[in-house]
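**Q** First the structure, then my questions, so here it is.
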Amino acid sequence: MSTQSATKPLSVKSASELLRMEGVRKTFPGVVALDGVDFDLRRGEVHVLLGENGAGKSTLIKMLSGAHRPDGGRILVDGSPVRIHGAQDAERLGIATIYQEFNLVPDLSVAENIFLGRQPRRLGLIDRKTMNARAAELLARVGVDVSPTDRVRELGIARLQMVEIAKALSLDARVLIMDEPTAVLTTEEVDKLFRIVRALRADGVGIVFITHHLEEIAALGDRVTVLRDGRSVTQVPAATEQDELVRLMVGRSIEQQYPRERTAPAAGTAAAVPLLKVEGLTRRGSFQDISFEVRAGEVVGLAGLVGAGRTEVVRAVFGADPYDSGTVRVLGKRLPGRDVNAAMDAGIGLVPEDRKGQGLVLDASVHENLGLVTLRRATRAGLVDRAGQRRAAARISEQLAVRMAGLDQRVRTLSGGNQQKVVIGKWLLADSKVLILDEPTRGIDVGAKVEIYQLINELTASGHAVLMISSDLPEVLGMSDRVLVMAQGRIAGELGAQEATQDAVMALAVKDIKGVTEDVKEMEGSRGH
Amino acid sequence: MNPKKIVAAAAVVASLALTTTACNSSSGSSDIKVGLSVSTLNNPFFVQMKEGAQAEAKAAGVDLTVTDAQNDASQQANQMQNFLSQNVKSIIINPVDSDAASPSVKSANKADVPVVAADRGVTRGDIATTVASDNVAGGKLAAKTLAQQLGGKGTILVLQGTAGTSASRERGQGFAEGLKAYPDIKVVAKQPADFDRAKGLDVTTNLLQAHSKITGIFAENDEMALGAIKALGSKAGKSVKVVGFDGTPDGLKAVEAGTLAATVAQQPKELGKLAVKNAVALAKGKKVDPMVKVPVKVVTGK
Amino acid sequence: MATDTLKTSNAHQSPKAPGGSAVLRRVLLDNGALSALVVLVGVMSLMSGDFLTTQNLLNVGVQAAVTAILAFGVTFVIVSAGIDLSVGSVAALSATVLAWSATSQGLPVWLAVILAVGTGILCGLVSGALISFGKLPPFIATLAMLSIGRGLALVISQGSPIEIPESVARLGDTLGGWLPVPVIVMIAMGLITGAVLARTYSGRAMYAIGGNEEAARLSGIRVKRQKLVIYALSGGFAAIAGIVLASRLASAQPQAAVGYELDAIAAVVIGGASLSGGVGKASGTLIGALILAVLRNGLNLLSVSAFWQQVVIGVVIALAVLVDSLRRRA
């Protein structure tokens, strides 16, 4: 295997170049995605690609993986110009890409996924023994405790990513492109990922790394290329100050990362109207005895580890999923369970965690998506007031500064931040009193994040309330008036803005509460009798 | 609702439906059991054949089980298999496909159950007797009748049945042979309308655009002929003579009304009756003729 | 990126006002099915002198009518990412109900028509309920309805055609001696379809459900209820198609319209709709139905052999959709 040769310790001459892009251009109808970008990658380095969403990062890596062809400029591998016209070309050149959305088949085993299409064969039949043995080797190299025969469907997101990396290794990749690999990982998982990336770097693999988490750059990167509006603005060392990186990326400096303006009256005062009150909400196996309230003008953060049950709770509050007991009240009025429309009518809005899968109709236009929630309200005698819907969409998209070619642009072609604005916009049009935001800034660039924070400020200033789930701790701490911490399906504690520190939140989040898991076992036991 | 309840309810409904259909399809109760597998009941012709068969079974006091293969040869094979496991004394098969029926017939031969083929023959295997209308003779008869109606000359259209079926092949062949005796009659177009009335209407409408001066139409069944008559409007029966095939009730009505010049009538009830009669004789161990021709007859208005 | 021209009629047009021929070119380029129809009509006109006559074109319209009306109903279903295989059977059942109630049972014709359309809607509601509440895949639920509908039609008619009342049969005739009623019905149903899709709550909900069912549900669209509406509409349209078919033949036949569901689905897809949902228009469906009708009419005029006709139809269906998908990718 050629990876064997790559494991040889590399000399000082590690600056040897693997890949170079010169003046690369790409236009799509109406948009110049890339306008003369230069980029290079050396053996054994982590080269961070930094830029706001829509700056051209995705287009750039899609050229290296063969999904797009450049309109101008050239790509050189090992010093000679190449054409990458498809996944096969990329594979032949040793370029592997791990996208945010994984390319894995859920119902096949880990080993089958790693060798998909290239399964080792004997007498025309798939040689499972060899395949599983080789997969086990690769998985060991990545350092993940997954068996080659496990079904991919049963793996968590972090392990899926490790499987993708193993798959890339199986291709003898010399260039590994990772598109925001840390976006969905917990802190611990990120540490593990970094260890693997460092090991690969030591093996001489060149890594293109995309991230929105600036603190990761200094921790992992060697060099940084900053993209802005389709151009490569500059190249700086990874040790560059974060403020400076932000300034380079957005072309202006961002004064304050979390500009929360606290407007909520102190709890207990007469003005603090509880808009949303949840009591004893329980669903066996998912969450238990959840009680909290959200008052007008307040941002309540819901923190916790991935899998603590936060998304499950807010979906139940919104009526998207059922619950077994407990009550949800909006302004004192009790909502029926599992009834999205009742929750909506009462004034709750949900911006779901999975923006593309649950928040948007991707192939419909911006104005179509913005009008989704208000569709029923805009209907008289079965007919929709389309002109009115369009006017409203135009107004809200202007208010939210959605960057688009027009109201008829398909949402799929918007950048992540602008897509999120559309999801939020449809609830603003419905004038929801309580807005539940589930990971509202995941995968969104710094500029758009700040815009969303400002929007949260405006909402609370006008008497709305926000319940926000976020795995980004600084964000939760920076934006919340109160923080609820969930652990193992229960609320482990509540912290005021003053007492909420990273340490305090983490201490609660890892608190071991005997509860839900025990109940599940009991339930399963009793079913047998 | 509880999903288990739904499943249970569905199971009850399904079993009820099965028992009622089973009751409907068998009649009489004697020790002689005969099975009849019909190619499709989605066609009035075979419905009439089935009725004739049932009437005869009732008269003879035998237990006749009728199944519908829905024009699916593999379903028919399954039904034949089921007959054998029900220990029928003889089987009547109205094949969906003459070739595809052969294996089923062979397994009946092995089980020593005599088989009667109805309306269509079976390519291989021992068939005790084939009861059928003579499609080739019928086609010849149709040619003769149309020629007489036209006074021995004219230009005509032919509406073909579903491409590849034996009925279409044999009727078309007979018609072409019959027409050889009338050199002054010219076939200007031959197009398929799939034995379907709506298609007969559409295809005739289209052909009239290209051939407006025609004087006759031969349709390989009455359904297409009735569609053609619709397309002809007031010309039907006057300047254009239409000849159909089968003698279905609707076809006979059109003959009476004068819009259909003639139809070569098969006698599906008679066919069903003869099939059962022979099957019963075989079940009782008697000898029968290897070929029973059900006569066709031309029905004309005058 | 691939522009979705079917949905974005006035999206990012060039600022210059284009001239007439430019507009035509743009319309053709933007709509693969329409260009395919124009090419097909051109070819047929060149090959057969009998094709491009008023009478023949009206014939094509009449022959497209039943498929088009069925296809309009199926458009609702396909836009919402479902499928309806039962429309042919439901059309036959509804026509049979009409003929049976008016002829054999002696009900007044208006009541028989209501009963027939009601039958179609009921069939659709049953399919819709199986899909919404029984959680059956649409393919299976409507496959069951295909069999049930056909079976009931045979039960009611005892397997034989039933004559329909004279007043209904007039629907198959012409107005003023030249304008065929089926064409009028087809255009009316097309306008209704267009209005439902573009203007009504249910129509917009269909696009949302077809585009992303979960997002639609979380935006407060009552997906289950809308699915009932969608399949009921499909059933109702099938009933009207069945009545038009029966009126043309002056008889209701239990074995009519076998396989028409596939023609209807083909018409919808040729018209630019996607089987994965979220895309589709009434005008596209009409064009799809016309392509099939022009093809069958032309093949008759050219006296193409029975065996080759099926080959040609298959090739043209594949080409029409291929052209459209290539154009979108470009």
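Here the Cβ of each residue, glycine as well, is placed from N, Cα and C on the backbone.
Got these off TrEMBL a minute ago, pasting:
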TRANSMEM  C:28-48  transmembrane segment
TRANSMEM  C:60-78  transmembrane segment
TRANSMEM  C:85-103  transmembrane segment
TRANSMEM  C:109-131  transmembrane segment
TRANSMEM  C:138-157  transmembrane segment
TRANSMEM  C:177-198  transmembrane segment
TRANSMEM  C:228-250  transmembrane segment
TRANSMEM  C:282-299  transmembrane segment
TRANSMEM  C:305-323  transmembrane segment
**Q** May I ask you to check whether the transmembrane segment (C:228-250) and the transmembrane segment (C:28-48) make contact, with contact taken as at least three Cβ pairs under 8 Å and only pairs 6 or more apart in sequence counted?
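**A** These two segments do not touch.
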**Q** With an 8 Å cut-off on Cβ pairs and a sequence gap of 6 or more, do the transmembrane segment (C:177-198) and the transmembrane segment (C:138-157) reach 3 or more such pairs?
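**A** Touching, no - the transmembrane segment (C:177-198) and the transmembrane segment (C:138-157) miss the threshold of 3 or more Cβ pairs under 8 Å.
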**Q** Find the member of C:60-78, C:85-103, C:305-323 that has more C-beta pairs under 8 Å to the transmembrane segment (C:28-48) than any other listed stretch.
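**A** It is C:305-323, which has the most Cβ pairs under 8 Å.
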**Q** Given a Cβ distance threshold of under 8 angstroms, which distant residues of the chain, six or more beyond its ends, lie next to the transmembrane segment (C:109-131)?
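**A** Same-chain residues near the transmembrane segment (C:109-131) but 6 or more away: 82, 84, 86, 90-91, 93-95, 97-99, 101-102, 137-138, 141-142, 144-145, 148-149, 165, 167-168, 227-240, 242-243.
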**Q** Any contact between the transmembrane segment (C:60-78) and the transmembrane segment (C:282-299)? By contact I mean 3+ C-beta pairs closer than 8 Å, pairs at least 6 apart along the chain.
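**A** They are in contact.
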